[in-house]
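Colleague: Encoded as C-alpha coordinates, here's the structure I'll be asking about.
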Amino acid sequence: MDPVPGTDSAPLAGLAWSSASAPPPRGFSAISCTVEGAPASFGKSFAQKSGYFLCLSSLGSLENPQENVVADIQIVVDKSPLPLGFSPVCDPMDSKASVSKKKRMCVKLLPLGATDTAVFDVRLSGKTKTVPGYLRIGDMGGFAIWCKKAKAPRPVPKPRGLSRDMQGLSLDAASQPSKGGLLERTASRLGSRASTLRRNDSIYEASSLYGISAMDGVPFTLHPRFEGKSCSPLAFSAFGDLTIKSLADIEEEYNYGFVVEKTAAARLPPSVS
(Lines of atoms letter the chains of each structure in order from A; the text may use other names.)
(Lines give C-alpha, C1' and ligand atoms only; values in the text may rest on other atoms or scores of the structure.)
Protein backbone atom coordinates (compact mmCIF):
# COMPACT_ATOMS: atom_id res chain seq x y z
CA MET A 1 0.00 0.00 0.00
CA ASP A 2 1.44 3.38 -0.97
CA PRO A 3 1.68 6.17 1.57
CA VAL A 4 -1.31 8.47 1.57
CA PRO A 5 -0.90 12.20 0.89
CA GLY A 6 0.37 14.35 3.73
CA THR A 7 -2.11 15.47 6.38
CA ASP A 8 -2.27 18.50 8.61
CA SER A 9 -1.42 16.47 11.72
CA ALA A 10 2.17 16.10 12.93
CA PRO A 11 4.11 12.84 12.47
CA LEU A 12 4.74 10.56 15.44
CA ALA A 13 7.92 11.18 17.39
CA GLY A 14 7.86 7.92 19.36
CA LEU A 15 5.95 4.92 20.75
CA ALA A 16 6.03 3.48 24.25
CA TRP A 17 4.31 0.93 26.47
CA SER A 18 2.65 2.10 29.64
CA SER A 19 1.13 0.10 32.46
CA ALA A 20 -2.64 0.32 32.48
CA SER A 21 -2.49 1.08 36.21
CA ALA A 22 -0.29 4.17 35.70
CA PRO A 23 -0.67 7.34 33.65
CA PRO A 24 1.06 7.48 30.24
CA PRO A 25 4.60 8.87 30.09
CA ARG A 26 4.88 12.62 29.79
CA GLY A 27 4.13 13.77 26.25
CA PHE A 28 2.42 10.48 25.29
CA SER A 29 -1.24 9.55 24.87
CA ALA A 30 -2.53 6.00 25.34
CA ILE A 31 -4.60 4.00 22.84
CA SER A 32 -7.15 2.75 25.35
CA CYS A 33 -9.58 1.07 22.94
CA THR A 34 -9.79 -0.47 19.48
CA VAL A 35 -11.66 0.97 16.51
CA GLU A 36 -14.56 -1.28 17.52
CA GLY A 37 -14.60 0.24 21.02
CA ALA A 38 -13.16 -2.77 22.88
CA PRO A 39 -10.46 -2.26 25.59
CA ALA A 40 -6.98 -2.27 24.02
CA SER A 41 -4.96 -3.70 26.90
CA PHE A 42 -1.94 -5.81 25.94
CA GLY A 43 -0.50 -8.61 28.07
CA LYS A 44 -3.49 -8.85 30.37
CA SER A 45 -3.69 -12.32 31.95
CA PHE A 46 -4.39 -14.06 35.23
CA ALA A 47 -0.78 -13.47 36.33
CA GLN A 48 -0.76 -9.85 35.14
CA LYS A 49 -4.13 -8.19 35.62
CA SER A 50 -3.24 -4.59 34.74
CA GLY A 51 -1.83 -5.09 31.23
CA TYR A 52 -0.23 -2.43 29.01
CA PHE A 53 -1.44 0.31 26.70
CA LEU A 54 0.37 1.36 23.54
CA CYS A 55 1.16 5.09 23.78
CA LEU A 56 1.90 7.59 21.02
CA SER A 57 3.83 10.86 21.01
CA SER A 58 3.46 13.43 18.22
CA LEU A 59 6.20 15.74 17.03
CA GLY A 60 5.80 19.05 18.81
CA SER A 61 7.80 21.32 16.49
CA LEU A 62 8.99 21.31 12.88
CA GLU A 63 11.83 23.78 13.56
CA ASN A 64 14.52 21.21 14.35
CA PRO A 65 15.46 19.06 11.30
CA GLN A 66 17.38 16.70 13.63
CA GLU A 67 14.27 15.88 15.68
CA ASN A 68 13.46 12.18 15.28
CA VAL A 69 10.20 10.92 13.81
CA VAL A 70 8.82 7.41 13.42
CA ALA A 71 9.65 6.35 9.86
CA ASP A 72 8.48 2.71 10.12
CA ILE A 73 7.00 0.14 12.53
CA GLN A 74 7.44 -3.64 12.45
CA ILE A 75 6.31 -6.63 14.51
CA VAL A 76 9.03 -9.27 14.91
CA VAL A 77 9.39 -12.59 16.71
CA ASP A 78 10.62 -12.04 20.26
CA LYS A 79 13.88 -14.00 19.92
CA SER A 80 14.78 -12.82 16.41
CA PRO A 81 17.30 -10.00 15.86
CA LEU A 82 15.92 -6.54 15.22
CA PRO A 83 15.96 -5.22 11.64
CA LEU A 84 18.73 -2.81 10.79
CA GLY A 85 18.03 0.67 12.15
CA PHE A 86 15.13 -0.43 14.37
CA SER A 87 14.83 -0.22 18.16
CA PRO A 88 12.31 -1.97 20.44
CA VAL A 89 9.31 -0.19 21.91
CA CYS A 90 9.58 -0.40 25.70
CA ASP A 91 8.13 0.96 28.92
CA PRO A 92 10.18 4.01 30.03
CA MET A 93 9.41 3.16 33.66
CA ASP A 94 10.36 -0.53 33.32
CA SER A 95 12.59 -1.42 30.37
CA LYS A 96 12.44 -5.15 31.25
CA ALA A 97 8.64 -5.35 31.18
CA SER A 98 7.32 -8.03 28.82
CA VAL A 99 4.16 -7.17 26.88
CA SER A 100 4.11 -10.33 24.76
CA LYS A 101 6.00 -13.59 25.13
CA LYS A 102 6.06 -14.30 21.40
CA LYS A 103 6.36 -10.97 19.60
CA ARG A 104 7.68 -7.49 20.10
CA MET A 105 7.15 -4.17 18.38
CA CYS A 106 10.04 -2.11 17.05
CA VAL A 107 10.28 1.28 15.40
CA LYS A 108 12.69 3.03 13.07
CA LEU A 109 13.48 6.59 14.10
CA LEU A 110 14.99 9.03 11.60
CA PRO A 111 15.65 12.77 11.69
CA LEU A 112 12.81 14.81 10.25
CA GLY A 113 15.03 16.19 7.51
CA ALA A 114 16.32 12.74 6.48
CA THR A 115 13.10 10.85 5.68
CA ASP A 116 10.55 11.20 2.91
CA THR A 117 7.69 9.40 4.71
CA ALA A 118 6.68 9.12 8.35
CA VAL A 119 4.05 7.43 10.50
CA PHE A 120 1.27 9.82 11.50
CA ASP A 121 -1.12 7.55 13.41
CA VAL A 122 -1.51 4.06 14.85
CA ARG A 123 -4.80 2.24 15.48
CA LEU A 124 -5.77 -1.14 16.91
CA SER A 125 -8.56 -3.45 15.83
CA GLY A 126 -9.73 -7.03 16.01
CA LYS A 127 -7.87 -9.47 13.78
CA THR A 128 -10.74 -9.65 11.29
CA LYS A 129 -11.37 -5.91 11.09
CA THR A 130 -10.13 -3.69 8.25
CA VAL A 131 -9.24 -0.04 8.87
CA PRO A 132 -9.58 1.99 5.63
CA GLY A 133 -6.63 4.22 4.76
CA TYR A 134 -4.28 2.40 7.15
CA LEU A 135 -1.50 -0.11 6.54
CA ARG A 136 -1.61 -3.32 8.57
CA ILE A 137 1.68 -3.89 10.37
CA GLY A 138 0.87 -7.27 11.91
CA ASP A 139 -0.81 -8.99 14.85
CA MET A 140 0.24 -8.83 18.49
CA GLY A 141 -1.49 -9.61 21.77
CA GLY A 142 -4.75 -10.51 20.06
CA PHE A 143 -4.96 -7.20 18.15
CA ALA A 144 -4.29 -6.16 14.58
CA ILE A 145 -1.99 -3.14 14.50
CA TRP A 146 -2.45 -0.51 11.79
CA CYS A 147 -0.43 2.59 10.92
CA LYS A 148 -1.03 5.55 8.66
CA LYS A 149 1.94 6.75 6.64
CA ALA A 150 2.21 10.04 4.81
CA LYS A 151 4.75 12.33 3.26
CA ALA A 152 6.97 13.80 5.95
CA PRO A 153 6.74 17.59 6.26
CA ARG A 154 9.79 19.68 5.54
CA PRO A 155 11.55 21.28 8.51
CA VAL A 156 10.64 24.92 9.10
CA PRO A 157 13.71 27.10 9.81
CA LYS A 158 13.61 28.69 13.23
CA PRO A 159 13.26 32.48 12.99
CA ARG A 160 16.35 34.30 14.12
CA GLY A 161 16.15 36.89 16.82
CA LEU A 162 17.19 40.33 15.63
CA SER A 163 19.71 42.23 17.67
CA ARG A 164 19.19 45.88 18.47
CA ASP A 165 21.68 46.85 15.79
CA MET A 166 19.84 44.81 13.17
CA GLN A 167 16.49 46.21 14.30
CA GLY A 168 17.89 49.65 13.67
CA LEU A 169 18.34 48.68 10.02
CA SER A 170 14.81 47.31 9.72
CA LEU A 171 12.47 48.90 7.19
CA ASP A 172 9.47 48.26 9.41
CA ALA A 173 7.73 51.59 9.87
CA ALA A 174 6.34 50.57 13.25
CA SER A 175 9.81 50.11 14.72
CA GLN A 176 11.32 53.22 13.11
CA PRO A 177 11.15 56.76 14.55
CA SER A 178 9.22 59.34 12.60
CA LYS A 179 11.03 61.22 9.86
CA GLY A 180 10.38 64.55 11.54
CA GLY A 181 11.82 63.39 14.84
CA LEU A 182 14.89 62.00 13.08
CA LEU A 183 15.49 65.30 11.28
CA GLU A 184 15.06 67.26 14.50
CA ARG A 185 17.62 65.11 16.32
CA THR A 186 20.05 65.36 13.38
CA ALA A 187 19.70 69.14 13.26
CA SER A 188 20.17 69.32 17.01
CA ARG A 189 23.40 67.33 16.82
CA LEU A 190 24.73 69.46 13.96
CA GLY A 191 23.76 72.65 15.77
CA SER A 192 25.57 71.62 18.93
CA ARG A 193 28.70 70.85 16.94
CA ALA A 194 28.53 74.03 14.88
CA SER A 195 28.09 76.13 18.02
CA THR A 196 31.60 75.16 19.12
CA LEU A 197 33.11 76.66 15.96
CA ARG A 198 34.19 80.29 15.80
CA ARG A 199 33.91 82.52 12.79
CA ASN A 200 37.49 83.73 13.32
CA ASP A 201 38.85 80.21 12.80
CA SER A 202 41.09 79.99 9.76
CA ILE A 203 38.85 77.53 7.98
CA TYR A 204 36.10 80.14 7.87
CA GLU A 205 38.30 82.97 6.48
CA ALA A 206 37.64 84.12 2.92
CA SER A 207 39.64 81.93 0.56
CA SER A 208 38.32 83.69 -2.53
CA LEU A 209 36.96 87.06 -3.59
CA TYR A 210 33.46 85.78 -2.77
CA GLY A 211 34.27 84.88 0.83
CA ILE A 212 33.23 81.22 0.41
CA SER A 213 35.24 78.51 2.11
CA ALA A 214 35.38 74.84 1.21
CA MET A 215 34.60 74.10 4.86
CA ASP A 216 31.32 76.02 4.91
CA GLY A 217 28.52 73.76 6.10
CA VAL A 218 30.85 70.98 7.31
CA PRO A 219 29.77 70.07 10.90
CA PHE A 220 33.33 69.63 12.24
CA THR A 221 36.63 71.45 12.32
CA LEU A 222 40.28 70.41 12.12
CA HIS A 223 42.49 70.68 15.14
CA PRO A 224 44.75 73.78 14.81
CA ARG A 225 47.91 71.68 14.79
CA PHE A 226 46.76 69.89 11.64
CA GLU A 227 46.14 73.13 9.73
CA GLY A 228 48.81 74.03 7.17
CA LYS A 229 50.12 77.44 6.22
CA SER A 230 47.76 77.48 3.28
CA CYS A 231 44.89 77.84 5.74
CA SER A 232 46.20 81.14 7.15
CA PRO A 233 44.23 84.34 6.43
CA LEU A 234 44.94 86.02 3.14
CA ALA A 235 46.80 89.34 3.45
CA PHE A 236 44.70 91.74 1.42
CA SER A 237 46.96 94.66 2.52
CA ALA A 238 49.42 93.76 -0.27
CA PHE A 239 46.91 95.02 -2.81
CA GLY A 240 46.33 98.38 -1.11
CA ASP A 241 48.84 100.43 -3.28
CA LEU A 242 47.94 98.77 -6.57
CA THR A 243 48.18 101.27 -9.50
CA ILE A 244 46.03 100.73 -12.54
CA LYS A 245 47.77 101.91 -15.79
CA SER A 246 46.22 102.66 -19.15
CA LEU A 247 47.38 101.20 -22.45
CA ALA A 248 49.15 104.48 -23.39
CA ASP A 249 51.02 104.51 -20.06
CA ILE A 250 52.17 100.96 -20.59
CA GLU A 251 53.35 101.65 -24.17
CA GLU A 252 55.23 104.78 -23.06
CA GLU A 253 56.91 103.03 -20.12
CA TYR A 254 57.91 99.94 -22.00
CA ASN A 255 58.57 101.54 -25.46
CA TYR A 256 61.82 100.21 -27.01
CA GLY A 257 63.04 101.25 -30.46
CA PHE A 258 65.64 98.54 -31.08
CA VAL A 259 68.15 101.22 -32.31
CA VAL A 260 71.25 99.24 -31.33
CA GLU A 261 70.01 96.13 -33.01
CA LYS A 262 69.11 97.98 -36.21
CA THR A 263 72.55 99.71 -36.33
CA ALA A 264 74.38 96.44 -35.91
CA ALA A 265 72.34 94.83 -38.63
CA ALA A 266 73.09 97.69 -41.06
CA ARG A 267 76.86 97.31 -40.82
CA LEU A 268 78.48 95.60 -43.77
CA PRO A 269 80.56 92.51 -43.02
CA PRO A 270 84.37 93.01 -43.39
CA SER A 271 85.80 92.24 -46.85
CA VAL A 272 87.95 89.19 -47.29
CA SER A 273 91.23 89.88 -49.17
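Positions of Cβ are set from backbone N, Cα and C atoms, glycine also.
Quantities reported herein were computed from a predicted structural model and do not represent experimental measurements.
The domain 'MABP' annotation in Swiss-Prot covers 9-151. Feature annotation from Swiss-Prot assigns domain 'UMA' to 215-265. What Swiss-Prot records for Thr130 is phosphothreonine. Among the features that Swiss-Prot reports, phosphoserine is placed at Ser163, Ser170, Ser195, Ser202, Ser207, Ser232. If you look up Swiss-Prot, you'll see Tyr204 marked as phosphotyrosine, on the strength of experimental evidence. Look at Swiss-Prot and you will find 192-273 tagged as region 'Interaction with TSG101, VPS37B and VPS28'. Look at Swiss-Prot and you will find 155-160 tagged as motif 'SH3-binding'.
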Colleague: On the DSSP side of things, how many residues of the domain 'MABP' (9-151) fall into helix, strand and coil, could you say?
Modeller: 3 helix, 69 strand, 71 coil
Colleague: By a simple count, how many Cβ atoms lie within 10 Å of the Cβ of the residue listed as 'phosphothreonine', its own Cβ left out?
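Modeller: For the residue listed as 'phosphothreonine', the count of other Cβ atoms within 10 Å is 11.
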Colleague: What mean pLDDT does the predicted model reach across the domain 'MABP' (9-151)?
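Modeller: Within the domain 'MABP' (9-151), the model's average pLDDT equals 89.
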